[in-house]
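Visitor: According to Swiss-Prot:
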- C91, H133, H137: Fe cation binding site (BINDING)
- E134: active site (ACT_SITE)
Amino acid sequence: MAILDVLRFPDERLRTVAAPVETFTPELQHIVDDMFETMYAEEGIGLAATQVDIHQRIIVIDVSENREDPLVLINPEILEQAGSTGIEEGCLSVPDHRALVPRAEWVKVRALDRNGQPFELEADDLLAICIQHEMDHLIGKLFVDYLSPLKRQRIRQKLEKMAREDRKAL
């Protein structure tokens, strides 16, 4: 397994719409394993393949406190949603920034597991929010897109400055 590089906003590759997974190969299993390793190393609760420059409809999630409830969603689609909620969301691709994002409180999702087996899942609270957040990545959308243009621009400028400083330090 390997830790993958996480793309950072405003990298345009984050805007790529992910393609459906067509075949379930050993390479796909390695991608899923690497995504989990990366997510845990970055102390995240979810990661979409788009964030690691793999433009396929793959999501890994683990919202458990002890990191013992990994969930893989391949080619996910929301079948139903209800309610309204929101929490301050963060994102591995937008480090050190959080914002309140409106989300459905409950979702019913259909997806394939890592072996290509179809399943449906009903989720609420943090898991529902995380699924919606990661599914946004698959269509090239980030949580900052829910913010005003001014707030989005401020975040962009701060992250660009951080990236410049990181490059100077090398």
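The first residue you see is number 1, and the count goes up from there.
Cβ from N, Cα, C; glycine included.
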Visitor: Within a 10 Å radius of its Cβ, which of these binding-site residues (H133, H137) has the fewest neighbouring Cβ atoms?
Guide: H133
Visitor: With DSSP assignments reduced to helix, strand and coil, which class does E134 (active site) get?
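Guide: The three-state answer is helix.
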Visitor: For E134 (active site), just count the other CB atoms lying within 10 A of its CB, please.
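Guide: A 10 Å sphere around the Cβ of E134 (active site) contains 24 other Cβ atoms.
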Visitor: If you measure E134 (active site) to C91 (Fe cation binding site) at Cα, how many Å is it?
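Guide: For E134 (active site) versus C91 (Fe cation binding site), the Cα atoms are 9 Å apart.
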Visitor: Sequence gap of 6 or more, C-beta under 8 Å: which same-chain residues meet both conditions with respect to C91 (Fe cation binding site)?
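Guide: Spatial neighbours, sequence-distant, of C91 (Fe cation binding site): F9, H97, H133, L142, F143.
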Visitor: Helix, strand or coil by DSSP: which one applies to C91 (Fe cation binding site)?
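Guide: Looking at the DSSP assignment, C91 (Fe cation binding site) belongs to a strand.
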